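Encoded as structure tokens, the structure appears first; notes follow it.
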Amino acid sequence: MEASGGVGGAFLKDVVAYVEVWSSKGTENYSRTFAKQLEDMGATVSKTLNKQVTHVIFKDGYQSTWDKAQKTGAKLVSVLWVEKCRMAGALVDESLFPAVNTDEHLPNLSRKKHKCMQPKDFILKTPENDKRLQKKFEKMAEELQRQKAALDDDVPVLLFESPRSLVYSSPVNVMKRRLQDMKEKRENLSPTSSQMLEQSQQNPCVSLFETSLNISHQPLSSDESFASGSHSSFGDSCGDQERKLGRSANEMTTVTCPSSPVLRASSFYGSASPNHLRQPRPQKAPDSPSKESINCQKDATGAVADSERKQAAGVSQGVPDEKLCLSPTMSIIEEHQVRLGPKNSSAKRKRAADLGSSPKGKLKKRYKRKSALAIQLFKSDQSPPSTIRLIPGTPDVEASSYEDYFSPDNLKERNSERLPPEAQQLASPSLFHCRGLSKWERRNMLEMCDFTCIGEKHRSISSISDLISKSASSLEKPVKEEVNTASTCLLLVETSANDSPGLCSQPGPQLRDDTGPEGSSHPDTLSSSAHHITPLKGNSTETRDPGDGKGSPKEGSTPPASASPEDEVHICNLSLGEDCNVEKSVEEKENIATGYSESVKNGPGRPDPSDSSCTGLVRPQQKPKKSEKEEKPTRTLVMTSMPSEKQTLIIQVVSTLKGFSFAPEVCETTTHVLVGKSARTLNVLMGIARGCWILSYEWVLLSLELGHWISEEPFELSETFPAAPICRLERHLSTQQYQGTLFANQPKMFIAPASSPPRAKLCELVLLCGGQVSPAPQLASLIIGPYKGKKKARIQYLSEKWVLDSITQHKICDFNNYQLLQ
């Protein structure tokens, strides 16, 4: 029993405790519960075992903790010491509750390992509560300050002047140093436009390769990185080619360098003005080259350029209304040529001169051989026409452009090589953009395409749309079939449960909303899907009612003279319209007495799963049986007047030691009632009436200490509830279902509807103690509770407390002390 003055005091204020309490298997840590109790009593709980600790609450903990506690001289006590201090309200002698170390004499190899299966509380680490993180932040701050101090004026600075803007500030001396380093490392520097013009005159190979190599470097963000990357990628290859072949500068001007497949593009406005180069969307104002250099180049390559222009003019005259469109890769090249400005102008003129100087027959032969690879460009009204042809190269160079060829940007270009002109004209609008196509653009492009020329079978867009609609309908079919199948199975279970007498009825979630209040199916549902229903196998000759047993009385029937108390309760409830939740069938009561009650394992309203009549039914929501070790225990335990922290500890102990399941109220399977505070509750009275153990909280604590359930008798609350051991012994000695005899010799009682505790509970208590309950006040000699009707002299009107006190003391109390005022 709990001491009245010991609760809430700070009588352990001088105690500094370290708690280490584990389960006997070493998988559950109960330290937090006992630490909370110590804090409530005023003790200081330390998270670490240090020199300030005076008491160590130890149970099945680490051997290192035990050794350290003995070394420091702290007092090792068990969990019972904490409970005794709480009950006594004062500091109890520690020698009465010494801690036990079961692993002290065991070898190191056989010691149990502690592995807590409880989830830890997640605490977000911040510099304020984590020293390691704080040190890391301080070190980062010191490093940042050191780097700032080491910065000088020569280091480039990134300036974020406004959102989404970045200014790169680089002093001149840094650029000089960078150029010098690049020269020493023999790297190709990023040339200016004038340097690129000179380079194109000296080395025509470079000007021919620029266009093809711009493809792979277009995604680079800055022009500087683009120029340095492109020139470093092809400069060395051209130099090596010159050294290998040993060609002179004159030979290089007449022969095209075959180091890569070159895309030769000549842009012009139209046949009327073919001499001017097209520069769409200029982003920078390029430095225009001098007229002298242009005229000089024009004189040197005039004849060849004229022939080239005539040829291009012939192409444009052949298709005067069409705009020859660039693929995404070509538009990337053209856009970057505009950025580079005059360099590409000179490169184009120089390239025209180089190609023009080659023999005429060779060119014709080459064009005939590669006519299938020519990229025909398409119609557009927005930009002037231009022609692009693919010039062949050696296998080595083709291997070097392997990545570019298989890049996603060139996918449509490769597809366009295989498509005829009609299909390409329809696909042309999507090829202007350098970016990827959106879903909307892709769909529009597919709608515009004519696929009649592709493959052997001709299929129109309407047939394709029909195919798509068919596929969509085929995708929807399985879903509908699954729904139909589910509804068929549902109806099959319903009809087999209600219509066919040879099948076992199975109430439950399978019927859902399709069954009426009595379990019958709706007629329209059955008639609409009657053709889906097929008979089930596995018939039996017996049907079972899931609600009541064989011996349960029917409604409206008159009870026999020798009716059991359960039958009387049933009749009482039917006449009054209230459910007392007490009545059970005779068959179920006998099953509980013999030890195989289905009400615990399968619930009171479910049929026996081992019944052979249910073998033909499919139960999707019922899980397969597990082994007997994992089955739910048949004994239930009820807690009453128990604080929440104690409830948590009891739940953990029961889950560790096994053998019990929890129930919210005392029922026919309850064997133990744990009482937190010695207060008379309905669960305590129900436990007494059913012959249960009425135990204190210490029984669980000592069982936890020893690692198994111990004898209950020393912890039975027989002083507070004298009837508890008497009823328990009567239940133990009874060979059949236990039935109390306290009210067996009392006259019939009528429980008033306004009684407190509730009428149903009082009815159950009276019947469990052998009394008789009358459904009407005219048939009773005792009326329990406040009665508003006309009172008669022959009837005793007693308070509800008479029933409660009689059950608690296990004797019939005097009526005179419980008479209600007339």
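Quick reminder: no glycine exception, Cβ is built from N, Cα and C everywhere.
Per Swiss-Prot, these features apply:
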type	residues	note
DOMAIN	10-99	domain 'BRCT 1'
REGION	182-203	region 'Disordered'
COMPBIAS	189-203	compositional bias 'Polar residues'
REGION	219-243	region 'Disordered'
COMPBIAS	219-235	compositional bias 'Polar residues'
REGION	266-295	region 'Disordered'
MOD_RES	Thr329	phosphothreonine
REGION	335-366	region 'Disordered'
REGION	498-567	region 'Disordered'
COMPBIAS	522-541	compositional bias 'Polar residues'
COMPBIAS	542-553	compositional bias 'Basic and acidic residues'
REGION	594-636	region 'Disordered'
COMPBIAS	625-634	compositional bias 'Basic and acidic residues'
DOMAIN	627-717	domain 'BRCT 2'
DOMAIN	738-820	domain 'BRCT 3'
Helix, strand, coil residue numbers for the domain 'BRCT 3' (738-820) per DSSP? 27 helix, 11 strand, 45 coil
In the domain 'BRCT 1' (10-99), how many residues does DSSP assign to helix, to strand and to coil? 33 helix, 19 strand, 38 coil
Residue distribution over DSSP helix, strand and coil in the domain 'BRCT 2' (627-717): 37 helix, 18 strand, 36 coil
Please work out the mean pLDDT for the residues of the domain 'BRCT 2' (627-717). 89
